[in-house]
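Feature annotations, courtesy of TrEMBL:
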| type | residues | note |
| --- | --- | --- |
| DOMAIN | 68-257 | domain 'ABC transmembrane type-1' |
| TRANSMEM | 7-28 | transmembrane segment |
| TRANSMEM | 74-100 | transmembrane segment |
| TRANSMEM | 107-125 | transmembrane segment |
| TRANSMEM | 131-150 | transmembrane segment |
| TRANSMEM | 185-214 | transmembrane segment |
| TRANSMEM | 234-257 | transmembrane segment |
Amino acid sequence: MSGARRSIIIGGGIVALMVLLALLAPLLTSYGPNEVDTGAILEPPSARHWAGTDNLGRDLFARILYGGRTSLGVAFGIVAIGMGAGALLGCAVGMAGGWVDRIAMRLVDVALAIPSLVIALALAAAVGPSLVNLVTILGGLGVPLYLRLFRSEALSLRERPFVLAARANGAPAWRLLAVHILPNIAPLFATLASTALGTALVAASALSFIGLGAQPPTPEWGALIFEGRNTIMYEWWAAVLPGLAVAVSALGFVVLGDGLRDWLDPRGGGR
């Protein structure tokens, strides 16, 4: 088995497992994510509470499972906005060329010159903490980077014989983009999307950890780490287990992305 295939199986398996655990949360636990048991505050992992309880007596296993829905959903939303818009705009700019390309690239240079973290913190503080704002901000900040990447790919594709032939036959720009360009960037999109999901998951969890994302009592992995930070020295499970969920999921996305990159690289012989 090649290294690329092994990475795809391992990374894809981790991602599939985390997604399934989140989706099947109601079947895997009888506790609600916000169900409080005042007689079971900060209990360690046990047969009754598999991952222990938090400082309010809520079952941590349930909160991690339901938090996976929030955290993974946020990550997918960020990538859908950032990479989706970036891919469409990048391909359109690459196909247009000329002054459109020059102006777009200057704007991208300006946007990328400012650290994304600084912009994210400033915007999140300005508009207020919420998951919708978090997804919109982080997704929007990804657009310039992906615009540049997919614009480069479009510049290469537009000089391919099949595109030149279609253009010579009078195919309109929208048809060139929809039929010849977008389908051919699918391998690059899949590779980048997997790695981007891991990055988005960590970034969203970090902002939730500092209070700029999910708000109590919403279960979200970054917020769960924040809630358990004060008791980590003697009630470690409240912070460590949600952190482990973030780390394992991000690792799965990255390993899957590396495997897809090697698998789809015609020069690498990854298959």
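Don't overthink the numbers, they just go from 1 along the chain as shown.
In case you wondered, yes, glycine gets a Cβ from its N, Cα and C as well.
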Could you tell me what the rest of the chain brings near the transmembrane segment (185-214), counting residues at least six beyond its ends with Cβ under 8 Å?
11, 70-72, 74-76, 78-79, 82-83, 87, 91, 120-121, 124-125, 129-131, 134-135, 138, 142, 146, 149-150, 153-154, 157, 220-223, 225-226, 246, 249-254, 256-258, 260-261, 264
Looking only at residues six or more beyond either end of the transmembrane segment (74-100), which have a C-beta under 8 A from one in the stretch?
131, 134-136, 138-155, 157-158, 173, 176-177, 181-182, 185, 189, 192-193, 196-198, 200-201, 203-204, 213, 220
What stretch of 7-28, 107-125, 234-257 shows the most Cβ pairs under 8 Å to the transmembrane segment (131-150)?
107-125
For the transmembrane segment (7-28), could you work out the same-chain residues 6 or more beyond its ends whose Cβ comes under 8 Å from its Cβ atoms?
62, 65-66, 68-69, 72, 194, 245, 248-249, 251-260, 262-263
